[in-house]
Structures are given as C-alpha cells and as structure tokens.
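As annotated in Swiss-Prot:
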| type | residues | note |
| --- | --- | --- |
| SITE | R11 | site 'Important for substrate specificity' |
| ACT_SITE | D69 | active site, proton acceptor |
| SITE | T70 | site 'Important for substrate specificity' |
| SITE | Q152 | site 'Important for substrate specificity' |
Amino acid sequence: MKIILGSQSPRRKEILNFFSLPFEQVSPVFDEETVPFGGNPEHYVLSLSAGKTKSLRYQFPKDILISADTIVYKEGKVFGKPRSKEEAFQNLRELAGHWHSVYTGVNVSNENQEIQQFEETKVLFNSLTDDEIHQYQEKIHCADKAGGYMVQGAGSLIIKKLEGCYYNVMGLPINTLRLCLSEIGIDLWKYLKD
C-alpha cells in the first residue's frame, strides 16, 4: 500500500515533505471546469478535491490517496488559477485593500473510506498600486496559484493580515490533513522530521 499525493502542485509536495511520510506525487487527470460552482465555496472545494481523488482511484485501487483543491473567494466570486497574466492582474487589483477567503478542500481515502474536510483562511491585502502589482507579477509565476498570488516569499508584501492557517493559503492545511489521515489510521505526529 502506497500513499499518493494527487496533485501537481509543488507547494503541496513541499508541505507534505515536512514529514517523513513516504508518498508519490501523481497529477490527477481531472478537468476542474466540469464542476459547477453552486454558490457554496465549502461544497465547491470538497467537490473539486473529491473529483481529483476519483480520477486516481482506478489507477491506485488499494492505495491511500490525498487530494486537495484551493480557491480564493470574495463576495460570491471564485478566483481560481488565472488563465493569463492579465486575468491575474485583474484579480490582484480586485483583491487589493480588501478581505477575502481562501478555501481548501482536503480529500483522504483508502479502498474502504473517504474523509473530506475543508479549511478557510481569511486574508487582507494591502492597498496596491498598478505598478506594485506589475512588480509583484514580474517576480511571481501566477498561473498555477489560486487568485494569482502566493503567501510565501514576496507574498508578504501584498498581504497585510491573515486569520487562520498559513499553509491553507499555500494549498494544504496541515492540521486538516492530520485530522483526515487520523480517520484512516495514520498518525502524522509519528512522521515528524528531526
């Protein structure tokens, strides 16, 4: 039995590598556009992460699968991964000076059960000029990040305040993952690295 991280995200891999838990990273073949947003961000991220898990279950029928999906959400609007630098610019402009929420759905399953939980983190951006947004975009590859930004590194220049789990904004909330893994008998505490 293997543990499969069903994600192409280097940040999720980085977070899981905080622990000595052996895993393989496999990109799910799943079109996120096929899941409609029904107005509830919690249900939406859970549906997305479940879809990723389902897309891998046939390939790994007896293994433990970990999948996650993250969105940025503000006043009824979902900000996913931007399709262009221009869209990322507009996202950052719209988020600048305002609070928004980052939701991540976590799905952990084995051949017998599926555990799902979500995490919400509230983020307040600094007010940003167009020039500051352009400078930020010159340093950050935005295409694979919900909302077109990241919390780590240069993200500290655009984020004024954060309420909740920092690692949720990176894409994999550690405590939520710990709770899901414990439901299938894996104690993440036993895999702490020195």
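Counting begins at 1 with the first residue displayed.
Glycine residues also receive a Cβ, built from the backbone N, Cα and C atoms like all the rest.
Since we're looking at a predicted model, the values are computed, not measured.
Walk me through where these features lie, including what they touch and how far apart they are.
DSSP assigns R11 (site 'Important for substrate specificity') to a helix.
A 10 Å cutoff on Cβ-Cβ distances gives D69 (active site, proton acceptor) a total of 28 other Cβ atoms nearby, all chains included.
Secondary structure from DSSP puts T70 (site 'Important for substrate specificity') in a beta strand.
Q152 (site 'Important for substrate specificity') has a Cβ environment of 13 other Cβ atoms inside 10 Å.
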Could you check which of the recorded positions (R11, D69, T70) sits closest to Q152 (site 'Important for substrate specificity'), going Cα to Cα?
R11
Write out the long-range same-chain contacts of R11 (site 'Important for substrate specificity'), meaning residues 6 or more apart in sequence whose Cβ is under 8 Å from its Cβ.
M150, M170, G171, L172
